[in-house]
Amino acid sequence: MENLKSFHHRRLLLQPAAGSFTAEGQVSRWSNEDLDPVPKHLKKWEWYHVGGFWIAEGFSASQIQTASASVALGLNPGIALIAYLIGNYSINFPVISRASFGLRGSYLPIIIRAVVAPIWYGIQAYLGSLAVQAIIEAIWPSFAAWHAKTLPADADITAASLLSFSIFWLASLPFLLLSMPALRWIFLVKIILMPIFGICLFTWAVTASHGFGPLLRIPNKIENGMSLGYAFCYAITTAISASSTFAINIPDLTRYARNPRTATIAQAVCLPVCMTLIYFLGVVMAASSQVIYGQIQWNPLVIVLMWENRAAKFFVGLLFAFAMIGTNVAGNSVPFANDTMALFPKYMNLRRGQFLCAILGFAICPWKIEASAQSFLAFLNGYSAPFLGPVAGVLLSDFFLVRRSSGLNVYQLYKPTGLYWYTAGINVRAVAAFTIGMVPQLPGLAYEINPMIKGVSRNYVDFTSLGWLEGLLFSAFAYYILYTVFPFPTRTEEEDKAAWAIVGHEERTPLSSSTPSQDGVEKSIPPV
């Protein structure tokens, strides 16, 4: 028993460094060294590193196939491209969840994000495994038929693909050991290589299909019962859903930026431009596969595996594999690690969380999700609409409407019983607003999971085709209305005193959130 306690204390329990932000008091319950505010000497990300994140993440197989999947479902390539152009003007998450939901209430959005991160890690790893398979087939063409009938058809994966997945998964592990400042060099390399790579793929697709004419003449052929208009809305939501995952994750990276203002401008420009260009590539590649091979292939790596040019297959596979590793480390394992640190700060740090994400990403069998275009889009829309959309609505409403973009008190974000404690650590307004945005989307989620379900009409399914935006708007307005009816302080008393001193009103009663009394004098409102 004594040995077990010693192992727990020495190996499992994280020991904060002396003098650190979390070394003393109740704050240690809510943070650890990796969750502390980033010290200045570690803020090494420049604006081009942050902008490069979106360039690097955009040029990945998962983003390409997001657009390709809509073509596979029956949308004309031109209409699909317009839908993705509209969908890419989504907004990043500028605040952390404790300010809106409370220190304990923040567990809700944290768990919601933590659930999806290992799934995305697995999907990216599976796509990376196809790149590995392309590399191996380029060297040994017979690998394509290696133990072809060993696994049953309903496994949705071959023995060669499973081996390739294992190789890619193992090759990714050393990259999880990189520190956050070191990750910026991966993005610099991807900034140089990936745009050139994308241009090469685009040139091949257009040339092999004899120009744009045959691509744009492909008719709309939607076979799942959805009208053209709602399929168009569905594609918009898919674009937002795919980018929203990265948008939620970006604060985990921008906290290392040397200049937050220039970093914000960089991602505001790079997100819509880069994502739209990569979706353009995805649409063109999917449409060209129908012209060249007679059927739409929505996964770009499946197209690469069909190539006969072994040199091209090798180098394209190598570049895709590198792209998938960088995307997985920064876009999936790091956010998941931050979530697990927030849930279990005494036991989980950045490195432990990243390795746990990798293990879960293997365990979910991501090739099942990749089995068809319909299931892939169902996953994106089905999860993002009822959960991520309402979370985004609450966070954006809190920062822009309630706090008027006035900023947050960093110390109070780690302080129990402080400004963001609300009621027993939970802002009930945020939870209620999230529920209001989530509930109307649940029937659509049920239909996505099981189209044969009874009680969900076709009209309601069409209504939820813009579920991400609907969830965001419902929750955002609900949160602001609840704040108006049940206001709460948005600044500490000390901050109010300082603010009034600046404008020359030192003797006036400092206010956090106020309301006029019957005699017309504003009075302070205590926390709710």
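In case you wondered, yes, glycine gets a Cβ from its N, Cα and C as well.
What TrEMBL records for 507-528 is region 'Disordered'.
Annotation comment: TrEMBL describes 67-86 (among others) as transmembrane segment.
Residues or ranges marked as transmembrane segment by TrEMBL: 106-123 (among others).
Per TrEMBL, the feature transmembrane segment maps to 130-148 (among others). Within the chain, the transmembrane segment (130-148) has long-range Cβ neighbours (under 8 A, six or more residues past its boundaries) at 61, 158-161, 163-165, 167-168, 171, 299, 301-302, 304-305, 310-311, 313-314, 316-321, 324.
Positions annotated as transmembrane segment by TrEMBL: 160-178 (among others).
What TrEMBL records for 185-207 (among others) is transmembrane segment.
Here TrEMBL flags 227-248 (among others) as transmembrane segment.
What TrEMBL records for 269-292 (among others) is transmembrane segment.
Summarising the annotation, TrEMBL assigns transmembrane segment to 312-331 (among others).
Residues annotated as transmembrane segment in TrEMBL: 352-369 (among others). Sequence-distant neighbours of the transmembrane segment (352-369) (same chain, 6+ residues past either end, Cβ-Cβ under 8 Å): 117-119, 121-126, 156-157, 161, 165, 169, 172-173, 176, 328-329, 332-334, 336-341, 375-376, 379.
Sequence annotations record features per position, and here TrEMBL assigns transmembrane segment to 375-399 (among others).
Residues annotated as transmembrane segment in TrEMBL: 419-440 (among others). Under 8 Å from some Cβ of the transmembrane segment (419-440) lie the Cβ atoms of residues 98-105, 108-109, 386-387, 389-391, 393-394, 397-398, 409, 412-413, 464, 470-476, 478-479, 482-483, 486, 488-489, 491-492, 527-528, all in the same chain and six or more residues away from its ends.
Positions annotated as transmembrane segment by TrEMBL: 460-482 (among others).
Using a cut-off of 8 Å between Cβ atoms, the transmembrane segment (185-207) and the transmembrane segment (312-331) share at least three residue pairs, counting only pairs 6 or more apart in sequence. Counting residues 6+ beyond its ends, the transmembrane segment (160-178) has Cβ neighbours under 8 Å at 125-126, 128-133, 136, 143-148, 151, 186, 321, 324-326, 328-329, 333, 351, 354-355, 358, 361-362, 367 in the same chain.
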